[in-house]
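Data first, discussion second: the structure below is written as structure tokens.
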């Protein structure tokens, strides 16, 4: 028979819902033998043996403390019970200051000891005043640790009475001791003095605090321990420490304990029976009822065996009136068995075999001729593999080392199982001869929802009561025998859905888990979906890491508990002790020989052959990654992915990454494992390059695994290339050039020919759609021909690579740690674009939904062809933004300028800018370039300012992955717009943007194309038409230069119009949308304007500075005639 698992007896949960048991609630702790049950709340159904309240003692108690009947005082104004008195005469009662204020007109004539200053001040007092609030915040709180400890010694015999009984494992005993009686009366009298007013803001206690609490039965004040506080902070569960009973109390009836009150120890001693533990994890109802009758209303003598929990919990044995000790009685009646620990020591853990033996005795008493259900053995557990990661919900929680989860993906399976169980049990009648043996599986009816679930019989607490564990949810309860039904073989086919887990990497700070740790972890994982990753197995449970959130917002629960000092890092040797002990018994073997790691890259033919390539990662024409063929080795990569998963799931060893060495990396996007090369170590994270695809990524060290030589046999599929024969038209590749190049090569089959080879990759000539990519870049004026194109014959990348092709794989290159450079390793060259921060114009803007109409919030304007709006829909992920800000600050503080790289930015490029107010670095977009200062708009907030050139730095590509709050836009109809914009037209465009409505027409690959409509009060016209009219008027007065005009001409320069305050903080985007009046001329055209020049040339076919479209002339002529007609009509009128 399988080993019997005895979890705490709590009710099961419905499928995929919150646990039925909670920390800090009665059912959370099976109080019998656990020392940490002190002051954790009374069990449901507990009753006081003396009285229902702390201050009303039963007359049957023999020590003679009888509380006099309280005198009721009623408010002189409203008639309600009141505890305040007039400060003048000290006689007239009131319930509040408000009632005293209202009654003062009548009462002042009879108030003999009237003091005008005293009463006047009293009338002005209000609980809502700032002084009262400040005093309540500065109150000195008192906790249990501040009270004196009980001074009874071990072996002492104490006479008294049990005043509150929950179970033999938890009851409260009040000693018949004159000192205790004196302390109790002193505490009660002190608590009734000058209680705080109930009007105004109530005092909010904290969990674990000892307060003065007004008892609901007699409305007197007593010392109470705050055990739990409701989420809305309106009620608290309170344990009256001097009497042992508990209740839920509104916070209005709780006030801080007077610090002048003497710190007496709790008068009621919390006790548990010594030397015995229950048959199962909690005491049966029958046992509690029997013992309660033996203890209630009697004077008893207890013997103190031990003191636990910092002197708060006492292990005792009681001499019963029947002449037996309580422990002896419990053993004889079969309610408990003897504890294995020696007398005087802490209770030991229960032996499952002893539990099973005691249970079997109850089972065998009436099993003759019964159906004991021996065939129904528990189903197999779910198959789990190390490295698996999946979403779960927590169905039952006890502590970080004992909780149950269910897979979210199995929710439908569980629901279907419940329907089948309901149908099965509704057709099966109660069978009197059904008595399933412990360890077998049957159907059990859950007491809360009366539904049927699969359950394993754990034990027989009595002849007719059975403890069952719900195998699909993890929790358990005690049920009557007639609430069980036989199960069918079909219902046992599904594996157990409950997964028993232990949080990996943590251990208690002390001997057991603290309540703060348990409640904190439960708040993090209860009622939500979390991700778990299987790391190992320990004692039949899964060691898991719990990850909350996704991507950059991931939170490791274990790390959070450690950082909050709720847990300590686990000693890895502890969990491996069993395995090491077993291994030590075997004869020592020689250490395995580590096979060196060798790898290679796919090579491109260097003899002038033409090959088909497809891009996998594109940064710029100077750096992109390709794979040979559109689907090269696709099937091989799929098979490799399976092998990588199997390897990483079975490899649980700690991996130390080294720069220049390959490894396995889990990609957060799909959770799959890929081959990668370690590029850079950044503390707790690592920058890697996916060698089969070319992408760079920063991942945590927990996402890395070692790699084997077998997994490196397939050459790395991504080949690093650059476009040969061209170089940027300016100092760097413009944003338009980057976007144009990406759109041309992404997803296309490219014909490539290698013209040069280096350690950094291949220089290639590309053809896309029958045209040369380099020639197209030059014709679009995005690039210019390179003057240093190599004319030498094509050579192979390295001599060592030739050896690789001709020799055996065993002669391949070893990792960089062995002083040998890998063939395809990029190295850490400062010229590598992916490693060097740049003023990149290739940042991708968010796409707005098509045909959506909204009122735009303008962030910055360069011209009608290029302006920036705040995203109308997108919500900024503040956590991810903070992570980017931290990394940005680290980058800027460590940035070192390189003289070999021309870092002069261009308008529209992304950068790092230091805000002038708080001196913090932010992501920004350059609007205007000057010699001493630049105009920027802060990309995550929308405000803009001019900053010195020294406060502008290039930005790494990885910091551009999080989308900006601002979006790049262009006005619809831009194909008819000029290259250079007159300042007057730009000023009109800026002024007309107020209160316009925008409609998204398309996305042209780099910007959102918007149609802007003026408000009805301004005519409701399309803003593009207004701009066209203004351009026409300007052309007639001052013709625009054509595209062939030289850069040195005196043409009107483009203007950069900025909308936004120059002093608003990036943290306050709402205040950053005030338009500025300054219009500053730049000294050179932007790349965007150069592209518009080419477009305008192709559309209009300009032949001279005064030429324009014939259709536009006709439209303007008709407009002039209409204006003349209107003027003539007005003149006649």
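Using N, Cα and C of the backbone, Cβ positions are placed for all residues, glycine too.
Record features (Swiss-Prot):
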BINDING   75, 78, 95, 99  Zn(2+) 1 binding site
BINDING   86, 89, 107, 111  Zn(2+) 2 binding site
COMPBIAS  37-46  compositional bias 'Low complexity'
COMPBIAS  808-821  compositional bias 'Polar residues'
COMPBIAS  1079-1088  compositional bias 'Polar residues'
DOMAIN    204-264  domain 'Tudor 1'
DOMAIN    435-494  domain 'Tudor 2'
DOMAIN    656-714  domain 'Tudor 3'
DOMAIN    904-962  domain 'Tudor 4'
REGION    1-55  region 'Disordered'
REGION    786-836  region 'Disordered'
REGION    1036-1104  region 'Disordered'
ZN_FING   75-111  zinc finger
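Here the C-alpha separation of residue 75 (Zn(2+) 1 binding site) and residue 89 (Zn(2+) 2 binding site) works out to 15 Å.
Listed in chain order, the extra residues whose Cβ falls within 8 Å of the Cβ center of the Zn(2+) 1 site residues 75, 78, 95, 99 are 74, 76, 77, 79, 80, 82, 94, 96, 98. Within 10 Å of its Cβ, the residue among the binding-site residues 78, 99, 111 with the fewest other Cβ atoms is 78. Geometry remark: residue 111 (Zn(2+) 2 binding site) versus residue 99 (Zn(2+) 1 binding site), CA distance 15 Å.
Note on the zinc finger (75-111): mean pLDDT across this stretch is 78.
Listed in sequence order, 76, 86, 92, 100 are the same-chain residues six or more apart from residue 107 (Zn(2+) 2 binding site) with CB atoms under 8 A from its CB. Spatially close to residue 95 (Zn(2+) 1 binding site) yet at least six residues away along the chain are 75, 77, 78, 80, 81, 82, 83, 84, judged by Cβ distances under 8 angstroms. Within the domain 'Tudor 3' (656-714), the DSSP-based counts of helix, strand and coil residues read 7 helix, 28 strand, 24 coil. Annotation note: residue 99 (Zn(2+) 1 binding site) sits in a helical segment as assigned by DSSP. The CA atom of residue 89 (Zn(2+) 2 binding site) is located 16 Å away from the CA atom of residue 99 (Zn(2+) 1 binding site). Reduced to three states, the DSSP call for residue 107 (Zn(2+) 2 binding site) is helix. In this structure, 89 is the one among the binding-site residues 75, 86, 89 with the smallest number of other Cβ atoms inside 10 Å of its Cβ.
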